[in-house]
Amino acid sequence: MPAVFHPHSSVAEEGLGMHEFWLYVWLRKVGIVAAHIMSLGLTIFITLLSRPGTSLFSWHPVCMSIGFSLCMTEGVLLFSSEGSPFCFQSQKGKVQLHWVLQALVAIAGGTGLGFIVASKNVSERPHLTSWHSLLGVATLVAAGCQMLCGVCLLFPKRVSSVARLRLYHATCGLVTYLLATGTLVLAMCSDWFQGTIKGALWYVCVLLPLCPALVVMNQITNAYLPTYQRRRSRYESGNV
């Protein structure tokens, strides 16, 4: 369960002035809003480009973009206190919505995997022959580990260290998101994508997933890294 990011504490620790602080806050808000728009826009664009229903393969990019580009992005950004449409929700409500979105990621990811396997079998083409497919498998494995950590957080009394497990959950989530971004970029290097999208538009499409990835990475590291460093400092000072 991602922690809520408090910009006041991190900025104060960095010693920024009031002018720099408000500039920082507004840049974060613009970045988060842009991440929402880009993840949704990219999902719609890939869906239209795939023309779902024309073939078994056509459903693969649709399912994967809905799961990993849209639902996973929203599942992380909903915990942001800036620029999120769910910022007025209670923490409990955000956690429940996070679970719904993560469940949609698993459903969409499993469905997309099923379609690509079926498409390969029908066309009698070999599996796992590209970097896109190999990185896609790594993404699914990382997503499974991240969801397993999330499930364990539902039973905190059976966990020795809830704070550490939350850190593992967030770390796995960040790794999963970065792997998914890499997989998406590699998909844009495929013959299927480059056969339709060419020139300057192709470069724009490649850059689009990077903005949400940077925003998600910033949110997770700012939410967990300062907490981890404070606890480590207290632990080391206690052993001195």
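We number each residue from 1, going along the chain as drawn.
Backbone N, Cα and C atoms are what each Cβ position is placed from, and that goes for glycine too.
Going by TrEMBL, these are the annotated features:
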DOMAIN    26-227  domain 'Cytochrome b561'
TRANSMEM  30-50  transmembrane segment
TRANSMEM  56-79  transmembrane segment
TRANSMEM  99-119  transmembrane segment
TRANSMEM  131-155  transmembrane segment
TRANSMEM  167-188  transmembrane segment
TRANSMEM  200-225  transmembrane segment
Leading contact stretch, 30-50, 99-119, 131-155, 200-225 vs the transmembrane segment (56-79) - CB distance under 8 Å:
99-119
Model confidence over the domain 'Cytochrome b561' (26-227) (mean pLDDT, whole number):
92
